């Protein structure tokens, strides 16, 4: 085998007369270098006789360059040169030699023997043509290089020992945990000792179920200790622990498992570090090479489902070696890995996320409010509660008062009628409930008149009416309708009808005119117009309300076939159209009222006529407008994360605001289904774009129709700028109809000094348009070189509003909009389709107007050993190249879920005395947490957070 070239030279001082003693060992280099071995030898004494007694011998040094082949016992002399030496220089070289001494391998011993024989031969007595000055300079240079390398490495090692402290070790513990909340479960909240005992009991229980004949297989170790989704990583931990026992195990007993468990759950940093080191050090030589780091990186990437990182493991292994092994030894030791982990915070600070340094001034104490008394706390809490809910409160109060007034009015009216003497309070209760039903059947249509609401959003009514809660109000009214039906129908069937049937002749005379003088039977009452329409309405509304519930509409209810068709959006959509029949029956039912003969007493049509006409007009407008807004599909792209990107032609006269949404219909799939999607293009763009996550049956069918037989791997938004989409193909696609745009909470983003935009997965789409609009306006401002200070007009759809905001509620100043965007996704591939947005911000956001924060939840949190190495590679690569290893942009991707309390606290510190608009699109569970944090921070700081959730 060939010896690699050495990166330095050594010299040996001895008398030529004595030759080379076989006992003298050649120094093997710890450095990784080439097959060139510079050896410094003492040559012949020039004039031994010239020296007087007691004088020093002037020695001559010879530098010999050899190439050795240990395999075939051959040696090649590549070069030879003389170098002058003095005693002081020789002593320096001897000092270097002493520091470099170490045990030789078999190969180095054979080299020494070869050199000994060779140097004794007469051929080595040849003198060279080099001058004494050149030899002297060469020696100085080689000695300086050697000393520099050794000094630098030793200094780094000494510095690492000096900087190691308890506090740094404690911080490092958070970055190297084999057992944490992901393995022990979130329910464990007690102290560690108690927690560890509880966890071991769970491990014991899993051992009993997984073991066979009292032995646990190596492949089941991960599941047993809680690393369910990281089988390969757990096996590597298993092998590392087994190597400590000098064993190669395939199965372990319960006692051995307990020993392994104690090691991986040890709270000592040194213990965890040693396990992590042993995982990489597969050959147990106390050194980690580039290949071993690569293998550990691939294990970590596999455990975190990062296929792209797995492909680039070799590149990132070289990056780690470059950082930890600057001397190019070819390996790293335990102390170097320890240094990397202990300096985790320094690496993280060295690699900052994009635009985080700009923005408001951090005032950690000045914006905090610390009420001293309970009264002050309650007053502040009440104040925030009123500010957050006063719009909802007055609307609900007016609604409840209207229902109460109508109920009491009818109750008192029928108490004065003769029928009250027959049926008593059952009649008054039923009629009072009926009156509230008329009101609610009218009001329930208004929140779904989207065109009307969109227009009202542009008026001053938006200041006092919570249009964002239209769907919630629709649901509340529906619940009131259900209660009204129950009271009205229940009292009639259980109380009124039996009293009529069982009334005495004297009592029946009082109400005989309502029944044409004939006492009805129960069958007569049920088969009359009132009974048939009433029962039919109860049945139809029950079906519609049930299938519109969250569990049925979102497919959370699992039913056997063919009943499974009763769940999902389609079932909700079609059964809701049964309410058309209900309204027709309601008019008929209200016409054939008992005990009401005059036309003005039959008021049902008066309640519902205006809302019904308005709703019918809106549906008619949708039908007409959709034909006018028929669009051409310009580009279809299937993006990572099952996201379908559609770029369509912009219909003539189609105007919208950032944050609004549209309804899409594909007649090829269904002529009746309309589905809402947020607009992701900016108002100033020439195209109209949406991004659709293929989850339901309609979106799956849309993807099939648009992508069948076509290669759609191009990531449009990731490879083209917002203002000009590249290579748009005019392809013969199915027809799409567009209805809208419709108002959404996000369109009011200009009302705030600061924005906090939070999107989960595909929930980022409502905010893409806002970010584009902010950047487009910023670009226009730079071009025009002017700063708009006029009040923002709500009637403008293509706003000239740039970075100015309306007058701040705190102090009257107009402040530049600062946007903090948090995107949380669990699909590593989803980052690809959002890359264009991040790259555009990198290019255009020179003012630091927008902060981007990406969170990838498929990666274990920063405290998990499975993500520790990935986190370090990410920080090193970002610090060196300025690019994130996951997103491919300057925006660094965070791991696991955000700590929302810290997010809100940070924004409150940066923006004291400001109003922050919090806009969220995602699942309801996170919405509750965000709303709570917004309320808490509004009470504790001078920053006010106003929370808004997207509803479709």
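Glycine is treated like the rest: Cβ placed from N, Cα and C.
Among the features that Swiss-Prot reports, Ca(2+) binding site is placed at 281, 283, 285, 287, 292. The Cβ of residue 283 (Ca(2+) binding site) lies under 8 Å from the Cβ of 292, each of which sits 6+ residues away along the same chain. DSSP assigns residue 283 (Ca(2+) binding site) to coil, not to a helix or a strand.
Residues or ranges marked as domain 'EF-hand 2' in Swiss-Prot: 312-347. Within the model, the domain 'EF-hand 2' (312-347) carries an average pLDDT of 79.
Counting residues 6+ beyond its ends, the transmembrane segment (393-413) has Cβ neighbours under 8 Å at 386, 428-429, 431-436, 438-440, 443, 464-466, 473, 476-477, 480 in the same chain. Among the features that Swiss-Prot reports, transmembrane segment is placed at 393-413 (among others).
Residues annotated as topological domain 'Extracellular' in Swiss-Prot: 414-475 (among others).
What Swiss-Prot lists as transmembrane segment is 476-496 (among others), and the listing cites sequence analysis. Sequence-distant contacts of the transmembrane segment (476-496) (same chain, six or more residues past either end, CB-CB distance under 8 Å): 396, 399, 403, 423, 426-427, 429-430, 433-434, 436-437, 440-441, 443-444, 447, 534, 537-538, 541, 545, 548.
The transmembrane segment annotation in Swiss-Prot covers 532-552 (among others) and rests on sequence analysis.
Residues or ranges marked as topological domain 'Extracellular' by Swiss-Prot: 553-574 (among others). Secondary structure counts, DSSP: the topological domain 'Extracellular' (553-574) has 11 helix, 0 strand, 11 coil.
Residues of the same chain lying 6 or more positions beyond the ends of the transmembrane segment (575-595) and with a Cβ under 8 Å from any Cβ of it are 414, 417, 419, 438, 441, 511, 514, 528-530, 533-534, 536-537, 540-541, 543-544, 547-548, 601-605, 608, 612. Annotated transmembrane segment per Swiss-Prot: 575-595 (among others), in sequence order, evidence recorded as sequence analysis.
The annotation transmembrane segment is assigned in Swiss-Prot to 604-621 (among others). Taking Cβ pairs closer than 8 Å, the transmembrane segment (604-621) reaches residues 438-439, 441-443, 445-446, 448-452, 583, 586-587, 589-591 in its own chain, all 6 or more past its ends.
If you look up Swiss-Prot, you'll see 622-750 (among others) marked as topological domain 'Extracellular', on the strength of sequence analysis. Residue counts for the topological domain 'Extracellular' (622-750) by DSSP state, with H, G and I taken as helix and E and B as strand, are 28 helix, 40 strand, 61 coil.
Here the transmembrane segment (751-771) has long-range neighbours at 360, 641, 643, 658-659, 661, 677-683, 690-693, 744, 805-806, 808, 810, 815, 817-827, 830, 834, 837, 841, 850, 903-904, 907, 911, 914-923, 926, 930, 945-946, 950, meaning same-chain residues at least 6 beyond its ends whose C-beta is under 8 angstroms from one of its own. According to Swiss-Prot, the transmembrane segment annotation covers 751-771 (among others), on the basis of sequence analysis.
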Residues flanking the Ca(2+) site, with Cβ no more than 8 Å from the Cβ centroid of 281, 283, 285, 287, 292 and excluding those residues themselves: 280, 282, 284, 286, 288, 289, 331
Other C-beta atoms that fall within 10 angstroms of the C-beta of residue 285 (Ca(2+) binding site): 10
Secondary structure of residue 292 (Ca(2+) binding site) (DSSP, helix/strand/coil): helix
Intrachain neighbours beyond the topological domain 'Extracellular' (553-574), with Cβ under 8 angstroms and 6 or more residues off its ends: 547, 672-673, 675, 696-698
Cβ contacts of residue 287 (Ca(2+) binding site) (under 8 Å, same chain, 6 or more positions away): 281, 331, 332, 333
Among 281, 292, the one of these binding-site residues whose Cβ has the fewest neighbouring Cβ atoms within 10 Å: 292
Residue counts (helix, strand, coil, in that order) that DSSP gives for the domain 'EF-hand 2' (312-347): 25 helix, 1 strand, 10 coil
